[in-house]
């Protein structure tokens with residue numbers, strides 16, 4: 001992958017990439033500590049906090065599909081600016097309100113706004129770059145900076161004492177206002193609204209997606225992949241804690257740090273090493289690394305820390321390969337006039353995280369961690385089969401897509 005492609009990036013692409021870094025860094029300065037704030041300052045129960053945060057995650061996933069479709073129908077500019085406005089208002093409520101109902105509305109609104117920005121932003125990058133390799137580099141760079149923001153955001157928040165203070169949410173409000181203003185200027189400079197022509201109706205899009213079985217199989221495989229990845233979060237912590245791991249807090253901190261460092265250090269070297277590989281082979285390598293990590297988790301000895309660290313490094317290398325690559329694959333599969341809808345539909349795989357957290361917690365409590373991660377290893381085999389199946393299915397021709405679009409519009 002040549003860095004020379006960076007010269008092809010127009011201002012709107014840089015706004016998406018650097019804007020993602022800015023808002024994600026601000027987000028992770030405060031969001032991981034939201035549960036502490038709601039419990040400490042507003043005396044909410046763990047159940048109610050979980051309900052609010054769970055509803056937010058589910059809403060964000062569902063709205064991503066709708067937001068992607070709206071950006072195809074009404075234009076990237078309109079939806080991105082509206083999403084930034086909703087974000088600013090939502091985080092302003094979190095920073096200023098002292099009533100639980102308004103706080104809950106702010107939290108849920110933040111999930112709504114993310115769904116209006118994420119898929120349209122990726123579609124905007126795809127619209128703006130004609131060269132496939134340039135689009136691939138842009139998607140990788142966006143993912144890298146998203147992870148960098150997630151890594152340094154909590155550190156900045158803790159270092160400067162901002163992490164569990166309610167008024168810190170105003171930084172997010174300001175960040176989204178700045179992003180919205182920058183988008184407004186960027187679209188004015190571009191003298192056009194990229195992807196702004198009137199697009200197809202929802203029924204037309206659903207008909208196209210239903211015919212694209214290769215894409216549906218990819219989305220199902222991605223959902224299962226997210227379900228497997230979700231076991232690295234809360235279920236793994238429960239597993240290690242229930243197993244009586246010595247100094248479990250320190251081990252968890254090391255594992256999270258190893259994950260972040262592996263992604264930040266290895267993403268672009270891995271991209272360079274695998275640049276000439278077929279996407280199919282990169283997918284197989286990434287899933288194989290996930291499979292190896294699940295087997296190590298299943299066979300883990302709580303007294304041997306390096307065992308867990310090796311498992312996390314394998315998982316993280318697989319993540320480096322798979323997660324940006326999936327966006328590249330979606331970009332390649334999507335018709336030019338339905339980029340937003342395809343990115344939005346693919347985001348439904350995020351439901352795997354919610355399902356995975358529930359399934360993982362239940363299995364750790366009732367069956368134990370070894371059974372959980374053994375099942376995840378089997379799911380990795382199913383994911384490999386789905387990816388292989390998806391590549392073999394004939395996809396609808398462009399003429400069929402256009403016909404389905406016009407029939408339902």
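Yeah, the Cβs are placed from backbone N, Cα and C, and that goes for glycine too.
Where the annotation comes from TrEMBL, it is an automatic prediction and has not been curated.
What TrEMBL records for 12-34 (among others) is transmembrane segment.
Among the features that TrEMBL reports, domain 'Major facilitator superfamily (MFS) profile' is placed at 12-392. Taken as a whole, the domain 'Major facilitator superfamily (MFS) profile' (12-392) shows an average pLDDT of 87 in this prediction.
Here the transmembrane segment (46-66) has long-range neighbours at 34-35, 38-39, 104, 107-108, 110-112, 114-116, 118-119, 341, 343-345, 347-348, 350-351, 353-354, meaning same-chain residues at least 6 beyond its ends whose C-beta is under 8 angstroms from one of its own. Taken from TrEMBL, the feature transmembrane segment covers 46-66 (among others).
For the transmembrane segment (78-94), the residues of the chain that approach it from at least six positions outside its boundaries are 23, 67, 70-71, 102-103, 105-110, 112-117, 120-121, 124, 166, 169-170, 172-174, 176-177, 179-180, 183-184, 193, 196, 340, judged by C-beta separation under 8 angstroms. Feature annotation from TrEMBL assigns transmembrane segment to 78-94 (among others).
Per TrEMBL, the feature transmembrane segment maps to 100-117 (among others).
The feature transmembrane segment is assigned by TrEMBL to 143-162 (among others).
Proximity of distant same-chain residues to the transmembrane segment (168-187), defined by a Cβ-Cβ separation under 8 Å and at least 6 residues beyond the stretch ends, is recorded for 11-12, 15, 19, 22-23, 26-27, 29-30, 77, 80-81, 84-85, 87-89, 91-92, 94-96, 106, 113, 157, 162, 193-194. Look at TrEMBL and you will find 168-187 (among others) tagged as transmembrane segment.
Taken from TrEMBL, the feature transmembrane segment applies to 215-232 (among others). Here the transmembrane segment (215-232) has Cβ contacts under 8 Å with residues 209, 259, 287, 290, 294, 297, 312, 315, 319, 322, 326, 329-330, 333, 342, 345-346, 348-357, 359-360, 372-373, 376, 379-380, 382-383, 386-387, 389-390, 393, 395 of the same chain, all six or more residues outside its ends.
Annotated transmembrane segment per TrEMBL: 252-271 (among others), in sequence order.
Look at TrEMBL and you will find 283-299 (among others) tagged as transmembrane segment.
Annotation comment: TrEMBL describes 305-330 (among others) as transmembrane segment.
According to TrEMBL, the feature transmembrane segment maps to 342-365 (among others).
As annotated by TrEMBL, transmembrane segment applies to 371-389 (among others).
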Item to check | Ranked first among 12-34, 305-330, 342-365 for CB pairs under 8 angstroms with the transmembrane segment (283-299) | outcome: 305-330
Checklist entry - For the transmembrane segment (12-34), which partner among 143-162, 252-271, 305-330, 342-365, 371-389 gives the most CB pairs under 8 Å? => result 143-162
Item to check | Selection from 305-330, 342-365, 371-389, the stretch that has most Cβ pairs under 8 A to the transmembrane segment (252-271) | outcome: 305-330
Checklist entry - List, by number or range, the same-chain residues at least 6 past the transmembrane segment (342-365) whose CB is under 8 A from its CB atoms? => result 54, 57-58, 60-62, 64-69, 115, 118-120, 122-123, 126, 209, 215, 218-219, 222-231, 233-235, 238-239, 242, 326-327, 330-331, 333-335, 371-372, 375
